[in-house]
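Report on the structure given below.
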């Protein structure tokens with residue numbers, strides 16, 4: 001298969017779609033705070049800044065493996081997935097990895113963030129139960145293919161697909177036993193792949209795994225308090241989220257310790273963790289709302305960053321959660337503190353925060369412990385355009401604010417933005433040509449990158465940006481109804497097609513001096529008066545061609 005070929009006239013056709021201004025009809029408040037974005041490209045960033053895309057094993061790979069908790073969850077409870085689908089095939093990267101690396105090469109990407117499937121490597125969850133050579137061979141082939149194309153692998157050790165065997169045996173992350181099993185699994189990964197992998201991420205979005213899996217019950221393993229949702233598989237949202245997070249932190253720290261003691265000196269790599277953080281904007285200028293915004297940050301990003309930098313949970317969590325919050329022993333605190341070389345930040349949206357007293361409304365729950373209420377609106381006006389899925393508002397300035405907050409509060413750590421993106425709904429009524437036009441996605445990336453550059457200019461130690469995602473894929477409880485990809489996937493044939501955003505990235509990231517001089521500003525995107533993202537679907541200027 002081959003990549004799309006663009007002749008000079010087609011390039012001109014593309015650039016005709018790309019205007020010198022990047023104006024979005026944002027809601028009034030956002031329009032007042034977002035600066036019109038001038039032209040810039042990759043040469044506007046430091047020379048060592050890395051651009052990549054991100055993916056995960058369960059969402060991408062397909063092919064046979066023993067079950068993870070997500071295999072079990074999607075098969076046992078298909079009604080909990082928007083379209084009843086699962087990741088059995090996903091986008092079949094297991095068989096299409098060479099094509100996918102070719103896409104990355106076409107897009108001029110520097111790096112690819114992938115994850116390793118724990119049950120694909122260790123069917124029982126432990127090396128004592130045998131190592132799956134087929135799984136090891138797949139990751140070796142993928143890593144080698146990336147390196148052969150000058151693409152740097154960033155590897156996540158755990159992106160939510162825990163072996164079902166360990167969940168069945170002792171409850172997974174509810175049990176402290178997981179810490180040793182996680183460490184040993186990571187040790188094996190370092191041994192197998194660390195000669196070529198120089199950037200490791202221990203855990204992806206531990207707060208989301210914890211909150212959605214053990215408080216809301218909408219992600220595997222589907223646990224929550226019965227009073228919140230009687231269809232959950234069991235659970236207690238007042239204790240389990242904090243316990244799971246505690247064991248995730250200890251698993252992370254034990255893994256970092258192994259890497260630094262056994263591998264880092266001779267493998268010359270670095271290791272960190274990826275956290276999703278929603279930026280918190282006080283609903284008003286009141287002291288109460290400002291404190292609410294800080295508490296929200298404490299209960300999300302601070303939940304993990306405070307232990308990693310100070311060896312203990314945020315004071316607000318200790319006070320409000322009380323005895324339900326696990327405590328680090330002296331030795332554990334020493335192990336956890338400083339256990340990172342970098343912090344990965346996954347940023348998608350921001351929210352308004354105000355105080356609420358939930359202390360007497362309901363049984364104790366992580367969902368109410370912070371005593372805040374968050375909203376996407378202030379006085380009926382959204383903080384930013386709402387994406388089709390409804391949970392995300394596009395607020396690029398929040399990324400700059402978050403990066404500068406981390407710089408000031410956590411002593412300016414090395415940061416990679418390990419995910420950023422926006423969704424669109426799968427719409428079978430659209431033609432293929434229409435499905436490839438995503439100027440709103442280009443505009444969103446352009447503005448986020450503008451604010452990343454601004455944060456760097458203000459001293460934030462940011463060294464990379466990964467778009468979510470390379471391809472449309474299985475989006476957890478949204479199944480295949482939500483498309484985040486820069487490249488369109490026909491889920492029946494598994495054929496890949498470049499969206500306009502993929503080709504925009506190709507030229508934004510071009511190193512060729514003549515191409516780099518071109519104005520690759522974001523095209524104008526259309527937004528409805530209700531601030532729900534919509535797009536005028538125009539036929540592309542190039543022939544639709546699979547690769």
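The backbone N, Cα and C atoms fix where each Cβ goes, glycine too.
The annotation in Swiss-Prot ties 59, 204, 205, 348, 419, 468, 475, 476, 484 to beta-D-glucoside, and of the candidates under consideration, 96, 159, 246, the one tied to the same site is 159. Distance between Cα atoms for residue 348 (beta-D-glucoside binding site) and residue 419 (active site, nucleophile): 8 Å, as a whole number. For the disulfide-bonded residues 224, 232, the largest tally of other C-beta atoms within 10 A is found at 224. All chains included, 14 other C-beta atoms sit within 10 angstroms of the C-beta of residue 490 (N-linked glycosylation site). Secondary structure from DSSP puts residue 232 (disulfide bond) in coil. Annotation note: residue 348 (beta-D-glucoside binding site) sits in a coil segment as assigned by DSSP.
Among the recorded positions 72, 224, 468, 476, 490, the ones whose Cα sits within 10 Å of the Cα of residue 419 (active site, nucleophile) are 468, in sequence order.
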